[in-house]
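Per TrEMBL, these features apply:
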type	residues	note
DOMAIN	547-597	domain 'Cationic amino acid transporter C-terminal'
TRANSMEM	35-55	transmembrane segment
TRANSMEM	61-86	transmembrane segment
TRANSMEM	98-125	transmembrane segment
TRANSMEM	164-182	transmembrane segment
TRANSMEM	189-211	transmembrane segment
TRANSMEM	246-269	transmembrane segment
TRANSMEM	290-317	transmembrane segment
TRANSMEM	386-405	transmembrane segment
TRANSMEM	484-504	transmembrane segment
TRANSMEM	516-537	transmembrane segment
TRANSMEM	549-568	transmembrane segment
TRANSMEM	574-592	transmembrane segment
Amino acid sequence: MQCQDPRQCGQKLIRRQPLEPREESEILVSRHLNILHLVVLGVGSTLGVGVYIVVGEVALFVAGPAIIISFLVAALSSVLSGLCYAEFGTRIKWTSSAYHYSYISVGELWAFIAGWNLILSYVFATASVSKAWSYTFDGLIGNHISQALQRAFSQYMPDYLARYPDFIALAVVLLLTGALALGARESLLVTRVFTGINVLVLIFIILSGFFKGDLHNWKLTEQDYTSITPGSGGISSLGPLGSGGFVPFGLGGILRGAAICNMVIVCPLRGLGTDWQEALNPRRSIPWSILITIFICFLAYSGVSAALTLMVPYYLIHPESPLPQAFLYIGWDVARYVVAVTTLCALTSRLQSIFFPIPKVIRDMAHDGLLFQKLASVFARTRTPIMAIMSSGNIAGLLALLFKFSDLVDLMSIGNLLVYSLVSFSVLVLRYQPEQTLSKKKQIDISRHEASPSEPVPEATTSRILKTLWFPTSTTPTLKSGQIVYGCTSLLVLLLTILSVILAQWSSQVFSGDPVLTTVAVLLLLLITGVTVIIWRQPKDPVPEYFKVPALPVLPLVSIFVNVYLMMLMTPRTWTQFGIWNAIGFLIYFGYGIRHSLAGNNHQQPPATTSQT
């Protein structure tokens, strides 16, 4: 379908899927999971690469011992996103995918962005976990593999790529891809066993840190830095090491650390995704399980961070194998090997839960026509989406082979932050929409009516329209009030983004009273407050059958602001790579998806299976 005019193109970008479930998703699911079951599953799907590798990277390069505060900020941000996820999990029970949430509530373009960045998050997560597996295995055998590869390839690798091609990480991804293509399924028994071992070892690590740790490592001074022996990294001044103390990299380091740590704290939302449909009393169990899981994960991550930075001065942390090397530093060689083996088990289990959902997201988008239809093809013998598996596996393998671990983690973090911002945006918009329980014929008639050119509004009615922004004529959502909320929320996202850029780049000037920047920030806050009040005045969906985010519209807007602000703290390098990924996505959507989308015709859409987020 070709666009005949800009208005028609705009209507295509915001066309939505109906709220009711599709045919295959109406199959009854046994509900047997209580809050405890959901918490165990959420915690088990979370404790992996973050607790064993990312903690060391962030403590060494970004936040120092203050990584504990970074995890606190990330946990608070995750609670906001988790409440928004909980509303969708109880309201739209036939799916758990942010892609479908966005398609139902805010339209096709936003759904494509959510789905495309979900793929980014999963693919880069798979690459980073496989790379962490490679680091841990190599450290276990004395780093012989990395040293040999570095000697052979380091001179040929450009600065923006890893120091050497990681063939072990590539092999891990290809083996996992082959297993999934042959019909392998995620083993719940293996996951539970590894989770139990994982939790016991993490408790041991935390207790070891408090027994063998030294509080002086949280109060380091310039004398400590200058006493570093030559050859320990070539660092002998305060510059690269920070300013000392518990917060060596300042508030900026804490917040940038929170942007990266958010990636591992929000994992419970994705880990619980496919289990929500089996939850007993979803209205109660889903929000409580999310909150409890995030709290437990925060305790685990902050506890390990405290133990690590107490055992080893943060500037001596080994970035590729932080925990085993920490036990080597304190002289516990046996514990070093136990932790390394446990890390391999945890990362193997985590690889399963991360990689298996990727083909589901790709297949759903291909079913809807937003990605190439070939990606939805299923191999008859194994009944697996073979093209989706092979394409995602090859991309993840290539990334693991060539990219730096830190780049993979940063891109995964920024992708997650964008997806959870879209979930909060979707909750806010959907709550103010009229009930979407119409038949397909009525949906088509309405979409045709919306797509037709609107009649010119007489000048005399302009004041009446402005009046309805503050005093709506209906007590229940209407098509007009829904459009007002959609437009106001989109404007708010733009204003919050501008405010986030100012605060992220020039916060000191704003709070020190710079006349220009302070004036702009105050004007933005006034505009944000005024538009928020307009949204608050609009009628909301009165149906009380599901969990609802409290303090609407403020809480979702705060969630969006926090996520966007954390995104703005990412490095220009990360933004460049993120922009390239999304530019490729837009080329696919505007070159193929907008013309082949099944939401744009009157035919029955193919049934979608449940996606994990």
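Note: Cβ is positioned from N, Cα and C throughout, glycine not excepted.
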Legend entry - Annotated stretches the transmembrane segment (549-568) and the transmembrane segment (246-269) touching (3 or more Cβ pairs under 8 Å): yes
Inset, instruction - Could you tell me what the rest of the chain brings near the transmembrane segment (484-504), counting residues at least six beyond its ends with Cβ under 8 Å? - result: 14, 106, 421, 425, 428-429, 432-433, 469, 510, 517, 520-521, 524-525, 527-528, 531-532, 534-535, 538, 553, 557, 560-561, 564-565, 567-569
Legend entry - Listed stretch, out of 98-125, 189-211, 386-405, 516-537, that has the most CB pairs under 8 angstroms to the transmembrane segment (290-317): 189-211
Inset, instruction - Please average pLDDT over the domain 'Cationic amino acid transporter C-terminal' (547-597) for the predicted structure. - result: 91
Inset, instruction - Answer yes if the transmembrane segment (98-125) and the transmembrane segment (574-592) have at least three CB pairs under 8 Å among residue pairs 6 or more apart in sequence, and no otherwise. - result: yes
Inset, instruction - Taking helix as H, G and I and strand as E and B in DSSP, count the residues of the domain 'Cationic amino acid transporter C-terminal' (547-597) in helix, strand and coil. - result: 40 helix, 0 strand, 11 coil
Inset, instruction - Would you confirm whether the transmembrane segment (35-55) and the transmembrane segment (574-592) meet the contact rule of 3 or more C-beta pairs below 8 angstroms, pairs 6 or more apart in sequence? - result: no
Legend entry - Outside the transmembrane segment (574-592), six or more residues from its ends: residues with CB under 8 Å to it: 109, 112-113, 116-117, 120, 370-372, 407, 410-411, 414-415
Inset, instruction - Go through the chain and flag residues at least 6 beyond the ends of the transmembrane segment (516-537) whose CB is under 8 A from any CB in it; none is fine as an answer. - result: 428, 432, 469-472, 484-485, 488-489, 491-492, 495-496, 498-499, 502-503, 506, 509-510, 552-554, 557
